[in-house]
Amino acid sequence: MTEQKALAPAAGLTWARVCKECGQGHEGQDSHLYEYQDDVDDELVCHICLQPLLQPMDTPCGHTYCYQCLSSFLRDQDFCPVDRQRLQLQQCRSSSLLVRNLLDKLTVLCPFHSECQQSMQRCELEPHLHNRCPAFRRLREEAERRKRPCWNELKGCKTEGESDTKSNPALTRTFNPRGPPEPGLVNPAFDEGEDVAPLRSSLVAEANVVELFREEPEEDLGLRIVGGKDTPLGSIVIQEILRDSIAARDAKLAPGDHILEANDVSLSSVPHSHAVAVLRRPCSVVRLTVMQEKGFKPRPEHHPHPSTSPPAHPAHNLHNPGTVIQVTLVKRDRSEPLGIKLIRKSEEPGVFILDLLAGGLAAKDGKLRNNDKVLAINGHDLRHGTPESAAQIIQASEVRVNFVVMRQLDSAEEGGDAQSRGARRISETQYFRRRSTFMKDPPGGFSSQEKTVNLKKEPRHSLGITIAGGRDCRSRLPVYITSVQPVGCLHRDGTIKPGDVLLSINGVDLTQLTYNEAVTALKTQTAQNTVALRVIRTVSEEEEEDGDAANKEEMDTLENPREDDINWSPLWTRWLGLPSHMHWCRDIVLLKTNNESWGFSIVGGYEESRGQQPFFIKTIVPGTPAHFDGRLKCGDEIVAVNGATTVGMNNSSLIPMLKLQKNKVTLTVVSWPGSMA
C-alpha cells in the first residue's frame, strides 16, 4: 500500500491560488492532489510519483504511469522508468475503462476538512466543490465581492480578468476595449451612448490546456476546423464539435475556440492544411492549447455600495428573461426525482427537455416546458453537453437544482411584439438555403481550374468513381468526388482526383442536383460509348509555392482518402476557391432588444495590399444574440447585410452598418463545412 503525501491545508488558500478541480494549492501544470481516505492498492499507484494514478497511461512493456508524470519524464529521457526499455510517449495508450473506473471510485476527503467533513468518490470531488462545499463557495463569494468595488473606485481598479492574469499569466488573458480592439469586432457595447456609463465592458478570453485521449492512435478527434495563415481568418478556429466524438465526450472544447498549439507544435501561423495534418498525426494523447472566449463582463450598476448578492448566471444577466430563463427546483431530499426526460436533437447540439412527467416536481413547478434547451445546470455549461452529463449533474446536486434554459417563441408570440420580447430566432420557414446571386471573387490566394476528360468506353464499363454532397445534404454542397477506383476508366486517365467538384457530364449540368439526381444522371450518361466529364478544382497559391517534400507528403495523405475512410471530405480551403455561382447561401435573422453586442467579430474587406477580401466570421462571443441563435459559425462568409452586398466594402464601412441595426439584422451567409480533425 502506498503512503499518502502530506498536503498543504486548503483552508489557507485564496480563490486565485486554489485549484478549481481538486481544491488544493498546486502550480497550474502540476498534477492534482487528493487526500485518500483508505490505503490504495499498489497496482493503482504511479511508479514515478508514487501516488494513485491520474489519467493513467499504459506502456508497451506493461507499466502504468500518470500521463503528466510520464510526459515530463520522457521530455528528458527515452526509456521506461522501471525496465529502461526504449519508449516514446506516442507508443503509450490510455489505460482500460476498468482501470479508470477503479481510480475514479477511490474515496477522497474534501480538502476543506476544517469546515466540510464530507468524503466522496474521486470523480465526484469537483462537482462537490462547485455545488455543495461551503468553504469553496465562501472563497468564491469573497473573491467576487472584492472584484465588485464601489462605483467611485471603479475607474482606478483592476478588472477581474487582470486579477486572474496576474495569478496565472500563462493561462489567462483579458481583452480590454480601452486599447485597440481586435480588427472587425462588431460590438455596440463599446459605443458610448447618451445614457451609457463611460466605463465599458471587457471581452474576456482565457488560454487553457486540454488533453484528449484516443483509444486508437488514428481516431478522429471529432473537430471541424477553419482558418489558417493562408486564409483571411489567420488563426485556426474550431467550427464544430461532432456528436459522440472524443472532443464531445471530453466537453472542454467549444466552437469558436482558437487552437494555438497541438502537442507543443505551434499552429498560430501555419497554413490550414498543415494544421489539419498536425491534428491528425497518430498518437494516444493530443494536448491542445486553446484560447477560449468567455464573453463580456457586464457593466457595474450605478450604486454607492457593492452588492452582496451572488451574481446571476451570465446568460440570465445578458438576455431578456422572455427567451433565456432561470428556474430553480427544490427537492424534498437529494434522492427525489425531478420528473424530466432529456434528449438531444440531430439538427442542433445541446440538451433539450422532451417531456415533464405528470405529477413530477418539474411539472408541478410549471416553469420548465417541453422543447426548452438546457444551457446550464448548477453553473455547469451544457450548451454542447449530453443528456447523460446533465443527468449526472442533477444526481450529484443537493436539494436545489438551478436550470438556465432558452425557450423559442411559438408562432403566436412571433406575431405582434416578437422583438420587444427578445426573440432570438426567426421562424423555421425562413431558415432555408438558396443559390447565391451575389457575384464576388474568392479570397486572395485561392482560384479554381476547370478540367474536361473525354473518354471512349464500352457501355458496360464503369467510370470507377464514388461521389458525395448534393444540394439536399446538410451543407448544400455541390456533388464532389470522394474516390477514384483503380478498376475504372478515370483512374487510367489520371486527370480526375478526389475532391474535384462535378460540373457536367455530356452537357448535363450537375451543379444544382441532389445526391440521388446526380447518381441517376451519371448512370444514364455512363451507359453511352463516349463520355465528356467536366470538373472544377480549387488551387491555393500557398500549396503551389510550398516545395517542401514533407509537406507534399502530408498534402497527399490529406487529399487521398484511405480505402476504409467512408466519411472523407475535402479540406475547408478546397471550397473557398469555387466561383460564386456555385455557392448556396442562407439568411440568418438576429434579433435583440437592448444596446448589447450582436456578438461576433469579422475579418476581411478591401485592403490596399491584398485587394478585395470576403468578410468572414472569426469569433462568436458567448452570451450574445449570435451565440444563442446558434446558426452562425466561425468561418461563415457574409455576402450581404439586409440584402445589400458586402462586395467593395472595407472593414470600417461594414462595422458601422452593423452597429446601426438596433433591433434586427439579416445576414446572408455562405457556410462551408470545416476540415475534419
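These residue numbers are counts, starting from 1, taken along the chain as shown.
A Cβ is built for glycine as well, from the same backbone N, Cα and C atoms used for every other residue.
Taken from TrEMBL, the feature domain 'RING-type' covers 46-84. Annotated region 'Disordered' per TrEMBL: 160-192, 296-320, 540-562, in sequence order. Positions annotated as compositional bias 'Polar residues' by TrEMBL: 166-175. For 209-294, 326-409, 452-523, 587-673, the entry in TrEMBL reads domain 'PDZ'. The annotation compositional bias 'Basic and acidic residues' is assigned in TrEMBL to 549-562.
Sequence-distant contacts of the domain 'RING-type' (46-84), counting only residues of its own chain at least 6 positions beyond either end whose CB sits under 8 Å from a CB of the stretch, comprise 2-5, 29-32, 34, 36, 40, 91-96, 99-100, 103, 106, 211, 213, 284-285, 287.
The DSSP breakdown of the domain 'RING-type' (46-84), given as helix, strand and coil counts, is 10 helix, 8 strand, 21 coil. Confidence for the domain 'RING-type' (46-84), expressed as mean pLDDT, is 90.
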